[in-house]
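Q: Can you keep this structure in mind? I'll have questions shortly.
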Amino acid sequence: MAKNCHNDYKMKFSVDDEFPDLSLHNNHMAKVLTKDIYAKLRGKSTPSGFTVDDVIQTGVDNPGHPFIMTVGCVAGDEESYEVFKELLDPVISDRHGGYKPTDKHKTDLNFENLKGGDDLDPNYVLSSRVRTGRSIKGFTLPPHNSRGERRGIEKLSIEALASLDGEFKGKYYPLDGMTDAEQEQLIADHFLFDKPVSPLLTCAGMARDWPDARGIWHNENKTFLVWVNEEDHLRVISMQKGGNMKEVFRRFCVGLQKIEEIFKKHNHGFMWNEHLGYILTCPSNLGTGLRGGVHVKLPKLSTHPKFEEILTRLRLQKRGTGGVDTASVGGVFDISNADRLGSSEVEQVQLVVDGVKLMVEMEKKLEKGESIDGMIPAQK
Amino acid sequence: MPFGNTHNQLKMKFSSEAEYPDLSKHNNHMAKVLTPAMYERLRSKQTPSGFTLDDVIQTGVDNPGHPFIMTVGCVAGDEETYEVFKELLDPVISDRHGGYKPTDKHKTDLNSNNLKGGDDLDPNYVLSSRVRTGRSIRGFCLPPHCSRGERRAVETLSIEALASLTGDLKGKYYALKNMTDAEQQQLIDDHFLFDKPVSPLLLASGMARDWPDARGIWHNDNKTFLVWVNEEDHLRVISMQKGGNMKEVFNRFCTGLTKIETLFKERGHAFMWNEHLGYVLTCPSNLGTGLRAGVHVKLPNMSKNAKFEEILKRLRLQKRGTGGVDTAAVGGVFDISNADRLGFSEVELVQMVVDGIKLLIEMEKRLEKGQSIDDLMPAQK
């Protein structure tokens, strides 16, 4: 076990002296952390040397927002979720609807188990998209990894992605070294990611050494995209215009599984366990790490008094088309699954498919001036 | 340490080459000095408190620099950093401080009686005078690395020490985290309030962690002596007043600093200092005296003179706009201060400012009358 000298130095001070001031804070970490928990965890570190102060720094530095509940803690490696379970289990429970330490998470990436989803009305559904993240076993996570580790991940990723063919044949663009023309094209395609500016991310250390070993890969059709070393080791996105979510999900599952096979061959599978599913940097992305969603025109439904209630019952959430925390424009919303942990990929995409189908039907009714009272769904 | 890979022992599994930062686009002192061989020799070391080479250089890796401004690109996390990583920091110090050698000795002189003149800079030209420095408290890690407990202990000691000042140094402490709106407004109006750092140079080194915990501002009732606690350094000490009486400003500076140092020593905590580097501070650019003494001075004619830059250089002075470093001058008013920090004493540096400003004003008056300043050109100091 790597000795953490730094940790020992601050051990000269009492728990009271070292405990963070969380009096103005509103995030999951601040709601869970007590002096007792801090006292128990402060002397520990994971095998790679990640400490409880590392876990919570972003939540200490970013008190949060009265209306938006941020997570306020991150993992630095796979073992963080075990070594600091006393803090992270309650955070996970709060964030993921009461998920218990004894619960098991089910992974299902068999796209054939999805019913329907190929016929969402393209007059309403403008585009469909599924994204997730993956962490490569044997490396520490973005808040903590060294340059050597990050470059190791990039190298493995390039190799894995380069061996894809057919609909998945594509190209890798390292952030450091792309031409101006390449950069312009990636911006025009809305593929380019930039150095994080959110203090939620920078305070956790994820932007260190930028842009070293960061890059974007996409297939020639521009329907399958992978981000390397941004907030997670890999972010995988499948998307296309229109309402054929089934096709988007098929490509997502097939592509992900192909990539996973190649990583496994190099003895670097994805981080996963039967309790937390896929392990990612932020506790909010555990389980499936999946956000499946559509851009859909719902100008009438979105102004209906029961809109929020309907979304809650369908286990969906809305965002503006600019992403999280943006406003909708022209009655077009980004509607996606609210859950990540405790239900499978197929189940979550099914909720989106069924829910959006219902909401489009409701929109059509409202267009004709008819009531939707008989269509209000039960809580899923 | 939240800025991550610093205590990540897994990185030793990778070769030095795999871990070596890409500095190809970088223009800072660290990037100009670090080599793969040096990195290999230093990568497995750490100070007793656990500060590593990667901690030292992270800010310089994350901030490539600017083609015209030469940033330092490295910081110390504790007193021992300058010893454990001397192979990197000695050349950086040499580059930054005019060839200062590892064997050189630095002289400290805080006896304001040794300053000649300085009480009569023409107030028609000199609008205000100011002297600042920093101090680190021995026994604690520095802002990039200190824990909350350490930072709070530095604050507690500082409050105690400052509370026992008397006479014209009697004052009050305002903790950042619980000042009233009225207090905050007053501090803003007085231009005393400091805010959470936004510069990526500072953020990347970890100095803003846990903000605003244990940060605060102390000033005397007269508002002529100000101390910042736990901003970029443990303490930043500032003496200032309107007009051109630099002697008085420096006198108060020395008296106040010496008193504070005595109070800290009484409590078993000296300032970090050694005979080679003088006062030890977070940024290598502030070693030695850590002193910047300057005035806001009206030099509209001088500043348009072709020889202005050359004169400043010879006088060992530098100019800034009145908003501070990297701001433009407004209305021909410049902030003129000493360029050096290490290798000269406090008295010597303030003397250069006093003598240099006196000369620049003489030149300004000549130019006002349309006369030449050629005979006033100074030799290189």
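The backbone N, Cα and C atoms fix where each Cβ goes, glycine too.
Just lifted these from TrEMBL, have a look:
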| type | residues | note |
| --- | --- | --- |
| DOMAIN | B:11-98 | domain 'Phosphagen kinase N-terminal' |
| REGION | B:96-115 | region 'Disordered' |
| COMPBIAS | B:96-109 | compositional bias 'Basic and acidic residues' |
| DOMAIN | B:125-367 | domain 'Phosphagen kinase C-terminal' |
| BINDING | B:128-132, B:H191, B:R236, B:292-296, B:320-325 | ATP binding site |
Q: Name, in the order they occur in the sequence, the residues of the same chain whose CB lies under 8 A from the CB of B:S128 (ATP binding site) and which sit 6 or more residues away.
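A: B:S128 (ATP binding site) has long-range Cβ partners B:M240, B:Q241, B:K242, B:G243, B:V295, B:H296.
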Q: Which one of these binding-site residues, B:R236, B:R320, has the sparsest Cβ neighbourhood, judged by other Cβ atoms within 10 angstroms?
A: B:R320
Q: Count the Cβ atoms, other than its own, that fall within 10 Å of the Cβ of B:G294 (ATP binding site), considering every protein chain shown.
A: 24
Q: Counting each residue once, how many in the region 'Disordered' (B:96-115) are helix, strand and coil under DSSP?
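A: Split by secondary structure, the region 'Disordered' (B:96-115) comes out as 4 helix, 0 strand, 16 coil.
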Q: Over the domain 'Phosphagen kinase C-terminal' (B:125-367), what does the predicted model average in pLDDT?
A: 93
Q: Would you count the other C-beta atoms found within 10 angstroms of the C-beta of B:V131 (ATP binding site) for me?
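A: Here the count is 26.
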